[in-house]
Amino acid sequence: MEVLEEKEEEEQREEELKAFEVGAKLQDLETKVSMEQVCVPSDVLDFDWSSIDTSQLPSSYKTNSLKEKKLLYIADHFLQQYTHLCPDRKPLFLHPVNECGVEKFVSTTVRPTLLPYTELYHWDGCASFVSDYLTMEPLKSPITQPSSLYSPTTILKYQRGNCFDFSVLLCSMLIGAGYDAYCVHGYATREICTLDETLELCPLLRKPQEVRPAVSGQGGAQHALSSRIELGGTASGPHWISVCAKQGPHQRNLLKASLALLNSCSPGPILQTAEGWELGGTCKLYIFSLLLISGGFHSNTLLLQRQVPKEGLKKSNKYRVKPPPDLQSKFELQQEAKKKAETEAAQKNKEREGEKVMEVEKPKCDPLYGLRVHAWVLVLPGKREVPETFFINPFTGNSHSTMDEHFLGIESVWNHRNYWVNMQDCWNGCKDLIFDLGDTIRWEIMLSRSNKPLQLLPGAEEEKELSHRDMDDKEKEEEDMSFDMPPSWVAPIQISPREFETRCSQGRKVILYKKAKLEKWAPYLNGNGLVKRLTIYADLDCTEVVEVREWFKNREDMLDMREVNKQTQLTKEYFSPGHLLGLKAHTYTLLEPETEHTMVFYNEARVDGLQKRVENANEMTEYFVGRDDFLRVRHMEFGKRGKKIQLAGSRTDLNSRPIVQIKECFHRNLEKPADEDVAERIFLITEETIHLTYHLKDKYITASRKDFFKVVERDRKGNEIIMTPEMCITYQAGSSEKDKKLLHLYKLLQELTEEEKQLKQQVQQSEAEILNILKIRENEETTVKLSVSIYNTERNKKRRQQYEAMMNTMEDELPGQEEQYLDYLAPFLIQIGHREKMTKGQALCVREDCLTDFKHRVIDKANIIQARFEKAVEELQKKDQWFQENQNQLSPEEEDDFLTGYSETTFHIHILALRLNREKQTAPQKYLALEEKLRKDPRLAEHLVIGFRDREERVEAA
């Protein structure tokens, strides 16, 4: 006994030492936490939440209702049980204080709201708005949960908050939009908790992941295998066939069927072994080979071999067929091997450099890894067609998989209806967690819903033997467990259009990524319409700029995006539809003529179908789409000239560049024969020649051609010389005879000469258009103009002035005109001449006429609905009768059309029946309401009250 006591004392001492060591480590962590610095803006740190004004807040912010007090009591009871059962876990985040210092349960802080903006109807729009609109504040202690949780309305008012504030606001918006969303209290990495994205790639730079085919057999991917099938043998050795093929399911079945057929023909059995299939007895190898070849196995993959023992090699060499000589070049093989070795070495060097970069960019070790508290949003599948569970980081607005290594564990989740505690082990982060909140083993629910059966304890069958006191306690506990969540104490969440448009705090936000910086601005904040800028750097210190991308909004020139490469000074501009000249994209280095330009147009907005134009100092190429003449490409070459034109103030017809060559390519016109449909024509202007090339005819490898040589000499009278056979060289594919008729060639040459003149003019027009575009673009960049919608009365001065003038005009009109438009007695007062004072008889006459007219209108409306109802029923009966008669003759499509029309008619009848019943039910109520309104009308009240009094006196006297 003494020995046991000594051992127990030693164990207690060891446990005390361990507890002391753990306490010392925690103290070290607390000191590190106090010394830790988080990179946040100075204005965030200087903000004092205790100085906010809470006097104008509703009473629900400052007090608790009876139901809320009962909920807090249940939460305290739940927390006591949780602490008793799980003493090693941290306390739950249940009822922090709000901005008024009043304890509120976290589920009642969630206020589901659907805001009237299309972008906020989707989860990504809500997450983006929350991350942009709010400014991040770090937790006071990164390893402990906050002591307060403010309402979403206060957070929106001051545009700042911690991760819990972000999550509650985002969850409220997502639930209002129809998502199954929950707030999560858990643990995450330092980068997530501190909003450190300097080691993350910017989302605008991420490329879509490549879908790789499955490698395993379960994925259904076919892989090459080598099967050796032994087909019997002799004393000298067995025979076999090596089959190398893509053995998918079809090939495997075919192989088995061939073996089964061969087995039926062969006297010996066929045995399947680890190496393949072994056939006993004598068998014909060629039969099996032919079976495989006919089944889709390539003949090159079938190798007929015979295994010969080593002892008999020397004897059989004399009679063996010599193998064919190897005709491959040894030098080529050496070069291929050398090239392969160089490629492998370069790949290894690249991998080593990548590993070095990864080591440099690897985040530093975090002493608080696994202890940092964070809050985010969980979205479960089912609602809004969400296919799978995912997380949303409210700081960034990005979605993450539940397998993401940045999320290290979950303590609890909650929404506006309930609160769940995670009872699963998080040793592997959130990867192995199962998010089935209905599983009471993995998730402990706080408020059990009344429609779900309560889980009874093992001794629940002996309830009759319990005392009355125990029964009362149990009934009270069951009543608490089936307690419904009270409504949210938070005021309705509202965001004005101006706040929604401004987004970022003070209209600007800067985010630092890995080798990139993203800047965001509110619309109309910058005079040039700039709303977003992404600067890409070459180093991690962000000192050397490589590229700048800018996004614009509300510009009159429809400029949408601009990319500038700072190393090559290459600029790419992208335009939205609606530009003055139909411009879609423009790539250039300088806004000067005769330099490299690539212009892409919206070809639907142009008459000539021009889609793209590429120009440099010596060439110009135009690409066309959808032209009636089937033109697809026009290429021009220019010669050198002395003077260089300027951007403005010069005439293009006098200073245009000399044209050397014009080349046009055409699509195939199926309405013409191939040897008459021109595929390409080249005008060599300096050489005075024209080359025509026609499309290829079927089953021909050469195309027909015609080459024209224009003669510049003229006769003495100045007339052109008559065309001679030497002026045209013709090649007709498929015909050796030369066409001796020159008349049609002469006419063709005249047409081509005329078209050449037109082409010169078109080229000059293209040059003039380029100059015009450059001039317009220079003016647009010099004086940027922003467009304002006519519905934006705050910024649209002209529209606001029109609205104010209209309102002033309406105020100047007669005061009673509006009442006159809405006066329900106007048709009846006209009959008595609009008298200010009416006699009793006139008042009673107006009252009776009004009531009678109302009766007639109600009856007419009911009759119209009844007639439509009867007509629809009659049509439905006719359709049903027609279907019964022609049912066997209808096709599936006609039957589907009939069923669709039948269902629509049935729905129409149902609506008409509902309307008719509603009219019958509401007509008496409407009549009584009109009678009461007439009795209280100031124009009739005096006479009608007297009339009612007289009637009452007569009734009493009777």
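Count begins at 1; order follows the chain as displayed.
For all residues, glycine too, the Cβ spot is worked out from N, Cα and C.
Feature annotation (TrEMBL): of 333-357, 383-407, 883-907, the stretch labelled region 'Disordered' is 333-357.
Secondary structure of the region 'Disordered' (333-357), assigned with DSSP and counted as helix (H, G, I), strand (E, B) and coil, comes to 25 helix, 0 strand, 0 coil. Only residues 6 or more beyond the boundaries of the coiled coil (742-769), in the same chain, are considered here, and those with a CB under 8 A from a CB of the stretch are 581, 593, 613, 620, 622, 636, 652-653, 656-657, 659, 662, 664, 681, 683, 685, 690, 692, 706, 708, 710, 723-725, 727-728, 730.
Residues in the domain 'CEP76/DRC7 peptidase-like' (373-446) partition by DSSP class (helix H, G, I; strand E, B; coil) as 3 helix, 31 strand, 40 coil. Broken down by DSSP into helix, strand and coil, the domain 'Dynein regulatory complex subunit 7 C-terminal' (836-944) contains 99 helix, 0 strand, 10 coil.
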